[in-house]
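Structure record follows, encoded as C-alpha cells.
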C-alpha cells in the first residue's frame, strides 16, 4: 500500500507510476490524474475532519476545567453556560469520530486497490510480448523422435490420471501415482534441501488456511478475491446466511455484511506460501541484526484460476491445486535490490542442477504483478510443447506489503522504526518442474530417465517405466 504522505507531497510520482503500468497511453494518464485527485480529496476531507475533531476535544477538555474554576468562583451563570457548551461538544464528537473513521476507511480502501510503483529500470510495455530476456541457460535438446507433452508421457506410463481426478474434484486436478508420485515428492524435497542446505533459507511448515488480514497483507485481497478459494464450516455458512438475510443480493449493504461475516467465520486457502511466510513478520518490529530473514516452505497451493478459461485445459500446467516451494526474504531498503538478484540465483540453481534449459526474462511494466516493483520470471523449456513456460517468478515489493502488514525493523544506529522490504519467489513450482522433467528426460520407448540430482531421493530407481 502506498504512503498517502508521499502521494500528497509528490502526486506526480504516483501518476507516473500508474501511467507506466498502463502502457503510457493518454487514457492511462487521464485515469491516473483523476485517481490521484480523488485520493488527495479523500485525504483532505479526512484531515479536515480530524482537525475539527481534535479542536472539539481540546475545547471540551478546556471547558470542563473552566467549569470547575467558575464553580470555585461562585459564578453559576458562567458554569451553566460552560456545561451547556460541553454537552453540545459531547453530542458533536461521536458524529465527528464516526465521520473520521468513514473517511479513513474510504481512503484505505482506495489505496488498497492501487498497484505498486515499478522501479525505474523496469522495461516499459503492455503485456508479456514486451518482456525482456535477461539470460539463458543451456540449449534445447535434440531428439531422434518427436517429443511428447507431459500428459501424454504420464498417461502412457499409467501414472498420471486426470479422468479419475475429475471424478473426485472436477477439472484442473490430477492424480499422480507410483514412481511418478515419488518423483514429484523428490523434486519438492530436493528443492528444500538445496535452499536450506546451500542457500541459507530456514524451512517453515506454515498453515494452509489464513485469515483476511494475512491475504490483505500480501495484497491477494481485495484485488484478487475472485481467484481465491474460501472455506468455512457448515455452522459458519449458516451464520453468514443469517447475517446477510434481508439485504438485497449484491447491494452495497449485502456486500458489506457478507465481507464482515466471511472475515469473522471463514478462512482462505493459500494461493502461495508467500502469504503465511511473509505475514510471519506482520505487526512486529525486528532488529536490523535479524535481517535478512530468509524463509522457505513446500506447500500445496490453491487457485481458482478465474481468468484462465480456455487456457492450458489439458495437463498439469494450470491447476486448482499444485505444490510449490516458495522463497521469501525480509530485508532492509538498502539491501533489497541485492537480495532480489540473490533470490533469482537461488531459484536458477535448482534448475541448473536438474540440467533443464531455461531463460530469465524481466517483466515489463504492463505484465508485472500487483504488489511487485520489479519481477524476473524463469521460463523452462518444454520440448513437448516446443515453448518456454514460467516455472518461477521472483519479485521485489519494496515496502508495499510491509505497510499493509505494519512490518518494521529498528535500524542499528538507533533511529526510529522503518518499514522492511519484502521479496518473494518460486524456488520452484514442483508441478511444473515435474512437467519439465517428464518432457526433457523422456525416452523413445516412453520411459523417463531420472535426473542425476534426484537419484538420492528415488530409492535406487533410475528409470520410470510403464506400470505392469
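Cβ atoms here come from the backbone N, Cα and C positions, even for glycine.
Sequence-distant neighbours of residue 272 (L-serine binding site) (same chain, six or more apart, CB under 8 Å from its CB) are 301, 324, 326, 424, listed in sequence order. In the three-state DSSP scheme, residue 272 (L-serine binding site) is classed as coil. Under the heading L-serine binding site, Swiss-Prot lists 272, 273, 274, 326, 426.
Other Cβ atoms within 10 Å of the Cβ of residue 304 (ATP binding site) number 17 in total over all chains. Under the heading ATP binding site, Swiss-Prot lists 303, 304, 305, 390, 391, 392, 393, citing sequence analysis as support.
Residue 304 (ATP binding site) carries neither a helix nor a strand DSSP state and counts as coil. Farthest C-alpha pair in the L-serine-binding residues 272, 273, 274, 326, 426: 9 Å apart. Cα distances from residue 391 (ATP binding site) to the binding-site residues 273, 274, 426 are smallest for 426. A Cβ within 8 Å of the Cβ centre of 272, 273, 274, 326, 426, the residues given for L-serine, is found for these other residues of the same chain: 275, 277, 297, 299, 301, 324, 325, 327, 328, 424, 425. Residue 326 (L-serine binding site) falls within a strand when secondary structure is assigned with DSSP. The two recorded residues residue 273 (L-serine binding site) and residue 392 (ATP binding site) have their Cα atoms spaced 13 Å from each other. Distance noted between the C-alpha atoms of residue 393 (ATP binding site) and residue 426 (L-serine binding site) is 6 Å. Residues 303, 304, 305, 390, 391, 392, 393 are listed as the ATP binders, and the farthest two of them sit 19 Å apart at their Cα atoms.
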